[in-house]
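First up is the structure itself, then whatever we jot down about it.
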């Protein structure tokens, strides 16, 4: 009991240290935690999530190639046009555009490019930017749990498919429930005071001359290679969804399966990157310098350290976890969503949280191919791994706060009371609630 107490202290200390260091420090601190747990507290090292890391690397490589060819900018340009064309609907369009950008790209960092546009359009309509900004940032995080190419979804489909929930079925649950949750949250936020000219912070900045009027940006010309790179990438995503569905046990269009789903995603994405490099004539040596590549490789290190730390602790206490979790979650299914929510707050990654906890939960609930009565709990609760918005240190949150020159999107005085907390909790709560309605019907 005493040993377990010290192990939990080391686990929590490593997570808090990682959050404090930020960036790559999240992964570094995870490695430090593994070192202390194994060498000083006698635990056996857990499994390193190489499959998740490889998928992230492959997807990020393809997106980075598309970014280098101008395809990512073209995608953002399309999003900008939509936002500027219907400015009065910014509260619904900002989260919608952010959501579908993330669904397609598999990373929430695409929202960075939208932030200045959201601020401009909101300001021109006398709407506080904090509402559409917070909705867009949170939507980009929860969309990771519905993106066909995100590491989290790929991992979950891989572990749940042998239990009878194939790739396409899971997407049929996660995409509509998470998107509808984003729209319902936008509707609820519409009842708050959204008038920009009623915000004292904004009026003070306006009086001091710190705020310039919204500027309409001139439309850039898009090269053929930018458009081509986007279509190649979209083709790759569609091919992955089709292939993963075709090799699933329920559909079984391709049999025998020579290339498994994880390997297929890696090879498809690397092939997409190759085609972009060839046909869009980009310099492959420069891809590593792109912002997407850097943030993606940072994510790999974070997943490496944090997921390894989580698996080291969990795998050494699997019997105790099984004993308590089996009856608690079976009797109170929502507790899994709460546990995933709290874990993702600290682990800072949907994929890392899923990798660290879901295998243990499956074992604890006794789920197998022959016993799937509790499978819906895991599928419905998955969206709750999106609580990256709780601590205001995530890059997209900080970017939204920094780029909102109106001053309406603020850091909380008491850390947690920031602009993203309420919409974030609402989106996750509604996603999970809708999941508990839809999952039993679809599975």
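Each residue, glycine too, has its Cβ placed from N, Cα and C.
The transmembrane segment annotation in Swiss-Prot falls on one of the ranges 121-141, 142-162, namely 142-162. Only pairs six or more apart in sequence are counted, and the transmembrane segment (375-395) with the transmembrane segment (228-248) gives fewer than three Cβ pairs under 8 Å, not enough to call it a contact. Taking every listed stretch (21-41, 228-248, 419-439) in turn, the largest tally of C-beta pairs under 8 A with the transmembrane segment (327-347) is reached by 419-439. With pairs at least 6 apart in sequence, the transmembrane segment (46-66) and the transmembrane segment (171-191) have fewer than 3 Cβ pairs within the 8 Å limit; the two do not touch. With pairs at least 6 apart in sequence, the transmembrane segment (46-66) and the transmembrane segment (264-284) have 3 or more Cβ pairs within the 8 Å limit; the two touch. Same-chain neighbours of the transmembrane segment (419-439): 130, 133-135, 137-139, 141-142, 145, 173-174, 176-178, 180-182, 184-185, 188-189, 333-334, 337, 341, 376, 379-384, 386-387, 389-390, 392, 397, 400-401, 408-410, 412, counting only residues six or more beyond its ends whose CB sits under 8 Å from a CB of the stretch.
Long-range contacts of the transmembrane segment (295-315) within its own chain (CB-CB distance under 8 A, at least 6 residues past either end) are made by residues 7-8, 11, 14-15, 18, 23-24, 26-31, 33-34, 37-38, 43-49, 52-53, 56-57, 59-61, 63-64, 107, 109, 151, 321, 343, 347-349, 351-353, 355-357, 360, 395.
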